[in-house]
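Novice: Below you'll find the structure I mean.
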Amino acid sequence: MASKEIKFGRTGREKMLRGVDILADAVKVTLGPKGRNVIIDKSFGAPRITKDGVSVAKEIELEDKFENMGAQMVREVASKTNDIAGDGTTTATVLAQAIVREGNKAVAAGMNPMDLKRGIDLAVADVVKDLQAKAKKISTSEEVAQVGTISANGDKQVGLDIAEAMQKVGNEGVITVEEAKTAETELEVVEGMQFDRGYLSPYFVTNPEKMIADLEDVFILLHEKKLSNLQSMLPVLEAVVQTGKPLLIVAEDVEGEALATLVVNKLRGGLKIAAVKAPGFGDRRKRMLEDIAILTGGTVISEDLGIKLESVTLDMLGRAKKVSISKENTTIVDGSGAKTDIEGRVAQIKAQIEETTSDYDREKLQERLAKLAGGVAVIRVGGSTEVEVKEKKDRIDDALNATRAAVQEGIVPGGGIALARSSTKITVKGANDDQEAGINIVRRALQSLVRQIAENAGDEASIVVGKVLDKNEDNFGYNAQTSEYGDMIAMGIVDPLKVVRTALQNAASVASLLITTEAMIAELPKKDAPAGMPGGMGGMGGMDMM
C-alpha cells in the first residue's frame with residue numbers, strides 16, 4: 001500500500017479552497033450575456049472553444065492532490081446540476097465558491113462548522129420556498145423562446161428554433177441536436193419514436209466517437225419473447241442479408257448463443273445488425289411493441305397471434321429510414337407505417353387517457369402518445385468552422401435543457417436577480433450565533449451572481465448590487481447586455497426555477513461538506529529512483545586514475 005500524506009484543519013482547508021478557486025475562476029468568466037469564452041486544448045484536433053460551465057469544469061485536473069480534491073468537489077456540483085436541470089452549471093459553481101470562501105473564514109474565526117452547516121441548510125430551504133412562491137408558469141411560445149434565448153447567451157434564433165420544436169412535438173416530445181453539413185442552423189421535425197433501451201452489446205456500435213449505432217433504411221424484427229438461439233430465425237436472417245439492408249431486433253432479451261452469433265456476424269461484416277430489449281414490462285411491453293409495429297408497418301411476432309419465428313417473412317418486418325441507438329436510448333425515425341393506422345392508434349390511446357383513473361397509467365399513456373404523435377424534432381447546428389459548430393451546439397444543448405426545466409417548474413427573473421432578492425427575504429432564525437452566521441453566509445452568497453455578471457460585463461459590481469437591492473420590486477434588476485435597469489421579465493430575461501433551485505441546493509450541499517472537513521488524505525507522489533552511473537564511452541578505453 002502506498003504511503004499517504006495527511007493534512008489537518010486549517011492547512012488542509014486552505015489547500016482545498018485554492019483548488020475550489022482555481023476551478024471556479026476558470027468557469028465563472030463564462031457567466032452572463034457578456035461572459036467570455038474558454039479555450040480548451042485537445043490532444044487531437046483543433047482546440048475547443050466553449051461557454052459551457054460543465055465542459056470547462058470537466059477539463060480541470062490539478063497537480064497538487066489536495067488542491068485537486070477541492071476542484072473535484074466543485075466539479076461534482078457542476079456535473080450534478082447539469083444532470084438534473086441540464087443547465088445552471090456556472091451558477092452552481094459561483095454559488096459554491098462564495099459559500100466555501102465565507103464558510104472557511106467563519107471556521108478560521110473559531111465558529112463551529114456543524115452549526116454553520118445547519119444554518120446554511122436552514123437558509124437554503126427558506127430561499128427555495130421563496131423562489132417557488134415567486135415562480136411564474138410559462139405557457140406561450142414567446143415565453144419558451146425567451147428562456148431559450150437567455151440560456152443560449154442572447155441568441156434569439158436559438159430561442160425561436162427551440163420554441164418551434166416544442167410546439168411541433170409537444171413539451172414531452174423528443175428534440176435532438178445534431179451538427180449540420182451546411183453553415184445554416186435549421187430545424188427539422190421527423191415523425192419517430194424514442195424509448196429507453198440501448199444496445200445489448202457495444203460491438204453493435206457504428207460510430208465509436210459518440211458510441212452510437214446508426215442504421216439507415218433498416219428492417220425491424222419485433223419479438224415478444226427472449227431469443228436464446230438463432231436457429232428458428234435463420235430463414236428471415238438470410239432473407240435480410242440478401243437485401244443488403246441492416247436489421248434491428250427488438251425482443252424481451254437476446255442472450256447467450258444468440259447474442260454471440262449476432263456480434264460475430266456483425267464483426268465479420270456479413271450482417272449489419274443491432275439488438276435492443278423491448279421497452280416496458282409485462283402488458284405495457286406488449287402495448288409498446290404494438291405501437292412500434294404500427295409506426296413501422298410491421299407485425300409483432302407473438303405466440304398469442306400464433307406466429308412463429310420460423311414462418312416470419314420480410315413483409316412482416318417493420319421498416320424505418322433511420323434508427324439511432326445509444327447506450328441508454330433507441331430512436332426510430334420515419335417509420336413506414338400507414339398514416340391511418342397511426343392516427344387510429346393515437347385516437348385509441350387518447351380514449352384510454354380519458355377513461356383511466358390511475359395517475360401512473362395516465363402518465364405512461366401520455367408518454368406513449370407523445371412517442372407516437374409527437375415525433376422527433378432535430379435542430380441541425382450550422383457554422384463556418386467545426387470549432388464554431390461545437391461551441392454553438394453546446395449552447396443549444398443548454399438552452400434546450402433550460403427550456404424543458406422552465407416548462408416543468410416555471411420561471412423566475414433572470415440575471416441572478418431572483419436569488420439576490422431572496423437574500424433580503426430570509427426570515428428563518430438560527431438556534432445560536434454560529435447557525436445565524438451560516439444563514440448570513442448564504443445571504444451574501446446569493447448576491448454573488450449579480451456581482452459576477454456585472455464584472456464580466458465590465459461594470460462596477462458593488463454599484464450594480466446596491467442599485468438593484470435599493471428598489472424593493474421583485475422583478476427589478478440589471479440587464480448586463482444593454483447596461484440598463486428595469487423589469488427583468490418584461491425585458492425577457494428569465495431563468496427556469498428548476499435550474500436556479502438545483503444550482504443553489506447542490507452548491508450548498510457540497511460547500512457545507514467542504515466547510516466541515518477536518519482531515520484530508522492523499523497518496524504521496526512516488527519518488528523517482530536515482531539514475532545509474534553512466535556507462536563507459538565506447539572506443540575510448542578505460543581512463544587511468546591518477
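Glycine residues also receive a Cβ, built from the backbone N, Cα and C atoms like all the rest.
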Novice: According to Swiss-Prot, Thr30, Leu31, Gly32, Pro33, Lys51, Asp87, Gly88, Thr89, Thr90, Thr91, Gly415 bind ATP; so which of Asp341, Asp487, Asp495 is the extra one listed there?
Specialist: Asp495
Novice: Let me make sure I understand the span of the ATP site: among Thr30, Leu31, Gly32, Pro33, Lys51, Asp87, Gly88, Thr89, Thr90, Thr91, Gly415, Asp495, what is the greatest distance between any two Cα atoms, in Å?
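Specialist: Site span for ATP, by Cα atoms: 17 Å.
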Novice: Hey, which of the binding-site residues Thr30, Thr90 is the loneliest by Cβ count within 10 Å?
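Specialist: Across Thr30, Thr90, these binding-site residues, the one with fewest Cβ atoms within 10 Å is Thr30.
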Novice: Looking only at DSSP and grouping its letters into three states, which state does Gly415 (ATP binding site) belong to?
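Specialist: The three-state answer is coil.
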